[in-house]
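All remarks here apply to the structure that follows.
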Amino acid sequence: MGLLSDPVRRRGARPPRAAPQTVLSYLAGIAWFLALAFPPLTQRTYMSENAMGSTMVEEQFAGGDRARAFARDFAAQRRKSGALPVAWLERTMRAVGLEVHTQSFSRKLPFPDETHERYIVSGTNVYGILRAPRAASTESLVLTVPCGSDSTNSQAVGLLLALAAHFRGQIYWAKDIIFLVTEHDLLGTEAWLEAYHDVNVTGMQSSPLQGRAGAIQAAVALELSSDMVTSLDVAVEGLNGQLPNLDLLNLFQTFCQKGGLLCTLQGKLQPQDWTSLDGPLQGLQMLLLMVLRQASGRPHGSHGLFLRYRVEALTLRGINSFRQYKYDLVAVGKALEGMFRKLNHLLERLHQSFFLYLLPAISRFVSIGLYMPAAGFLLLVLGLKISSLHEAGVGLEEPGGSPGPSVPLPPAQVTAPPSVVGVGPISKSLCALQGMGLASLVAPLLISQAMGLALYVLPVLGQHVAAQHFPVAEAEAVVLTLLAIYAAGLALPHNTHRVVSTQAPDRGWMALKLVALIYLALQLGCIALTNFSLGFLLAATMVPAAALAKPHGSRTLYAALLVLTSPAATLLGSLFLWRELQEAPLSLAEGWQLFLAALAQGVLEHHTYGALLFPLLSLGLYPCWLLFWNVLFWK
């Protein structure tokens, strides 16, 4: 025990070889993730909430013709006015017996959104409230239809109005039901949610709501582009990777099965045969699609913004393809009626099922307890490298001394410094860092973090200056500034260690790598707990390069590996993988254009909705990656 606990005697010990363990740990993490699509790691979904355990309700909706008539009138009024027909919606909602209110909002985007061709956005939301005849308006449900400038969602509006008329004639409602039509897609939804909960988290300017219902228990967003659908596709990924309670998805699947509706996930049919190899392989493809969508942090539908307010929500999209299955609005309306009738039975918020899960199929899931070991094995690689560097650093002689084993002193003659007497492992690591040239770390750490801060702040602040001096638009200026600062970071930090004098170069780069490994492990661990998909993707790409980075050996090979596993390269590779899994592969030129658009959308969604991917990469992972780049070019 003396050799392990006494730093004086441990100087002569040989540092352990961590290479075999790190390779095995990394391969185990990748293999564990790939095995998630195979039984028994993937399990069948089941209903946990007792109030929704039975589908013994008789759906009576038969307003298909009425829904189509509403849809035709809405489309005609929209073409006539060129915007959301607010007055027509108010009249129609009042005619079916709802309490109708409107809300105006406006938002100036940080830079023009070229995807939707908008900069200063103003619009009006219309919502009608069906008051519960059997309760005191303490709880509510929401059925919402987003209407964007480039979306054709007339059939969804028609079905919403037909369902409102049908629900108005029933007496069993114990919760208020809000029928919401929002303008400008997610912007209108965010404006309404902020006003409903009396908060302002995105700088949205909106009028206060004149009518409110109870606390929202659940919400369903509906998107239909045709009177006939071949399947209903469900989207669960919300803002910053949030997911709804699994019971809400189980409820949707249950009523689709009852009504014979074909339901899909990620736009694909679920595998049927899980006993052969084909079923799990298809499940792995859908699992990867969900991981990529969740890692993006984007709200993939209006439901994604409800999740931030602890409202369980889904987005249902009608797909009309070449398949032989055809369903009309009556079948979709009955499924929605059944869902709302079961949600009406809830006595408390959905909480008994999982909030953290992965879906290899709509009827199968992987719980957090089964998928977290995959990230744990990858993070173990960093832990082993940290331990190896710590042991190697303590084993080196002080600057000016000669390396090699020293003669151990008798215990009575060994006097430990007061700073290390009775301290724990963290304090011992700090003491080891002090002996490894802590002063040489100040410049790389400060400059790398400053580069990350510049990457976060300057593109939006300097867009007008860049647009004035170069023939580019504001959105292009933001993207070009991002790329310029990112590339400049490759040239600056690896020379920063020259501003200090280090007598032991080995101690300098080892200390810097030790700090960088601890920094990366903490970040990836925190990210994996809140958004497993993002944490796993970043760990799978960054961990090997971080573990191998050193200023010896083939620097060209290590530099290429670091560049290929940088945050920007990970984003670019994810886009190619996404389109490959969607069976729509990209060329290099198309992939680059999609990459530039993704950069602009990432910055815009952070400032507009509060998406956290951009600040995580710019303020956290990019500076950490620069530290490893500094280690590689240490001289």
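Residue 1 is the first one shown; counting continues down the chain.
Placed from the backbone N, Cα and C atoms, the Cβ positions cover glycine too.
Bear in mind that TrEMBL entries carry predicted annotations, made automatically and left uncurated.
Your range for transmembrane segment, going by TrEMBL and the list 25-44, 585-604, is 585-604. Between the transmembrane segment (514-537) and the stretches 438-457, 557-578, 610-633, the greatest number of Cβ pairs separated by less than 8 Å involves 610-633. Segment contact holds for the transmembrane segment (477-493) and the transmembrane segment (585-604), given three or more CB pairs below 8 angstroms at sequence separation of 6 or more. Take the transmembrane segment (610-633) and the stretches 354-382, 557-578, 585-604: counting Cβ pairs under 8 Å, 557-578 has the most.
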